[in-house]
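Positions annotated as domain 'Lactate/malate dehydrogenase N-terminal' by TrEMBL: 5-147. Positions annotated as NAD(+) binding site by TrEMBL: G10, A11, S12, G13, G14, I15, G16, D36, N96, I119, S120, N121, M230. For R83, R89, N121, R155, the entry in TrEMBL reads substrate binding site. The feature domain 'Lactate/malate dehydrogenase C-terminal' is assigned by TrEMBL to 149-312. Residues annotated as active site, proton acceptor in TrEMBL: H179.
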Amino acid sequence: QNNAKVAVLGASGGIGQPLSLLLKNSPLVSRLSLYDIAHTPGVAADLSHIESRASVKGFLGPEQLPECLKGCDVVVIPAGVPRKPGMTRDDLFNTNASIVATLTSACAKHCPEAMICIISNPVNSTIPITSEVFKKHGVYNPKKIFGVTTLDIVRANTFVAELKGLDPARVSVPVIGGHAGKTIIPLISQCTPKVDFPQDQLEKLTGRIQEAGTEVVKAKAGAGSATLSMAYAGARFVFSLVDAMNGKEGVIECAFVKSEETESPYFSTPLLLGKNGIEKNLGIGKISPFEEKMVAEAMSELKASIKKGEEFAKNFK
């Protein structure tokens, strides 16, 4: 059943282009619809020459968006502005909130059954916005709306592997909570294979995972934020989702979703994925006192970001 029809909204951007390349390269994808407000015909023409079976079509500007979305199974949204040095993810709020509200409104109209994967920051607010937009259109299904936090997991796996001399492909660290600063909570205690760090090293490692995005923003010195690693992580999440939609069993990924696992109305935890999106929320599981403290400390920021998103969506015309 490797016939997924996937749309990328924001396909010409720093994340959108490498993400589209990875999706085009996958045997799971049969149709790739690329949307942006500039350059999409060129990106689509370029990708269409690659010797893999996905057909590629570019769509340009709001009037072509409905056609781009028709019949899509999965929509990935990396659209928006990137972070510059000195900016927090929340600084992107006003610009990206409007972009996400506009694009998800089109999704609610033209592919209400599709899986919606949001990459645009601040994810802690853009997921509540997406939910509220879908509610407004009367097509809300919390099992199909995902905030892609996979890059936090990818980074955690990489950094743990580096410190322990392990193969990163064999390391798996769940990362729960949200997708900004101290709301990013790596559960090193649940890492497979099991690893141990002295407390000072654990704190340093945790801080590095939480601030890894800023590490890239600084290193790029004004030329953008994490694009290549984000494209990789976004593609990894989409492939897991499509595998699960195709009936593969035991597919688990963390994502920021509507949740009843904590007092926060949205929260990232490991999710069992299935044909209809979230099959089962696997929850937080057993965590260390250090991790419990981080969960408690993340709550006020998480709730504030969620509320900010919901308020924005209520007033969005």
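Placed from the backbone N, Cα and C atoms, the Cβ positions cover glycine too.
Note: TrEMBL annotation is automatic and uncurated.
Features as recorded by TrEMBL, highlighted on the structure.
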| residue | record | contacts (Cβ under 8 Å, 6+ apart) |
| --- | --- | --- |
| G10 | NAD(+) binding site | G16, Y35, D36, I77, P78, A79, G80, I99, S120 |
| S12 | NAD(+) binding site | L34, D36, A38, H39, T40, G42, V43 |
| G14 | NAD(+) binding site | P82, G224, S225, T227 |
| R83 | substrate binding site | R89, D91, L92, N121, G213, V217, S225 |
| N96 | NAD(+) binding site | A79, G80, V81, S120, N121, P122, T126 |
| R155 | substrate binding site | I209, A212, S229 |
| H179 | active site, proton acceptor | R89, N121, P122, V123, N124, G147, T149, D152, F256, S268 |
| M230 | NAD(+) binding site | I15, L19, P78, I119, L151 |
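Cβ-based neighbour count (10 Å, all protein chains) for S120 (NAD(+) binding site) stands at 28. Between the listed binding-site residues, namely G16, R89, the fewest other CB atoms within 10 angstroms of a CB are found at R89.
On the 0 to 100 pLDDT scale, the domain 'Lactate/malate dehydrogenase N-terminal' (5-147) averages 97 in this prediction. The binding residues for NAD(+) are recorded as G10, A11, S12, G13, G14, I15, G16, D36, N96, I119, S120, N121, M230; their greatest pairwise CA distance is 18 Å. Report note: the substrate site is defined by R83, R89, N121, R155, and the residues of the same chain whose CB lies within 8 Å of the CB centroid of those residues, excluding them, are P122, H179, A180, G213, T214, V217, S225, A226.
Remark: secondary structure over the domain 'Lactate/malate dehydrogenase N-terminal' (5-147) totals 65 helix, 30 strand, 48 coil, with classes taken from DSSP.
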